[in-house]
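Scroll down for the structure; my scribbles are underneath it.
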Amino acid sequence: MARNKIALIGSGMIGGTLAHLAGLKELGDIVLFDIADGIPQGKGLDIAQSSPVEGFDANLTGASDYSAIEGADVCIVTAGVPRKPGMSRDDLLGINLKVMEQVGAGIKKYAPNAFVICITNPLDAMVWALQKFSGLPANKVVGMAGVLDSSRFRLFLAKEFNVSVQDVTAFVLGGHGDTMVPLARYSTVGGIPLTDLVTMGWVTKERLEEIIQRTRDGGAEIVGLLKTGSAYYAPAASAIEMAESYLKDKKRVLPCAAHLTGQYGVKDMYVGVPTVIGAGGVERVIEIDLNKTEKEAFDKSVAAVAGLCEACINIAPALK
């Protein structure tokens, strides 16, 4: 049986980490692509040389021509410029929109049947533009954000309560940025909602709000520490979880930036919501009830994403 083919478009820190993780999980053969000739080839060879030690079978190749991604089952897009200290994700819009146009054309020509996961920032606007540039069905193009944001929230909660991360579930809605909406009411420790843990005296409302704010600032905190780039281990792990759910038809319930067609009162936009990912791509968008405060926060986040999409249209009118 032929192995799956995974194309990694962008071979920077996230791209290299994606290749290593995909190899370790034996998700398929891996092609690293980058316009910087030599980088994808070198990283591919380096990771391939780790396979006898780590005991995985996968062909890893690198290329600087889009024809190398031909027939890919999954494309994970990290191409673009990363954040530097003092920058918001939104500051990257103009540069990375042009990159998405090139990537979209490459996927359209060589991998029109792929499941596409976008990681490039500003995420919600870039995945929206990428879907339009590629012409792929909206359920086959998705943005990696919610899995990462929820993972950060879960870690901070586990540390606060001194429990295993495996026993913490967390929900983050909305855009992948300063207006994201971590939902305490739908987040649990051992099945107990955070709101109940406040009542039980495990944590104060004020401390919980501090953890929520740290989650919102999670990416910026790492950018500030690294000084020369942005996070890559956790984003790569998050995208691989999504790719695995698609390739193995696991039907995982994962929060991600999905195309909405009226759910949550949003049309023709990509916003972070809980989804079911299986062999059909995004097979279902799960609509949860939001109270007044949560709805206001979500609507504010949606408005921020809408503003970015409008900015994209001003740069590339063909997106309208």
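First residue shown is number 1, and so on along the chain.
Each Cβ is built from the backbone N, Cα and C atoms, and glycine gets one as well.
In Swiss-Prot, the NAD(+) site is described by Gly10, Ser11, Gly12, Met13, Ile14, Gly15, Asp34, Ile119, Thr120, Asn121, and among Asn59, Asn96, Asn162, Asn291 the residue recorded at this site is Asn96. For His176 (active site, proton acceptor), the nearest neighbour among the listed binding-site residues (Gly10, Asp34, Arg83, Ile119, Arg152), judged by C-alpha distance, is Ile119. Listed in sequence order, Arg214, Thr215, Gly218, Ala234 are the same-chain residues six or more apart from Arg152 (substrate binding site) with CB atoms under 8 A from its CB. The distance from the Cα of Arg83 (substrate binding site) to the Cα of Ile119 (NAD(+) binding site) comes to 13 Å. One way to see the shell of the substrate site is to take the Cβ centroid of Arg83, Arg89, Asn121, Arg152; the remaining same-chain residues with a Cβ within 8 Å of it are Pro122, Leu123, His176, Gly177, Gly219, Ala220, Val223, Ser230, Ala231. The most densely surrounded of the recorded positions Arg83, Arg89, His176, judged by C-beta neighbours within 10 angstroms, is His176. Within 10 Å of the C-beta atom of Asn121 (NAD(+) binding site) sit 28 other C-beta atoms, taking all shown protein chains into account.
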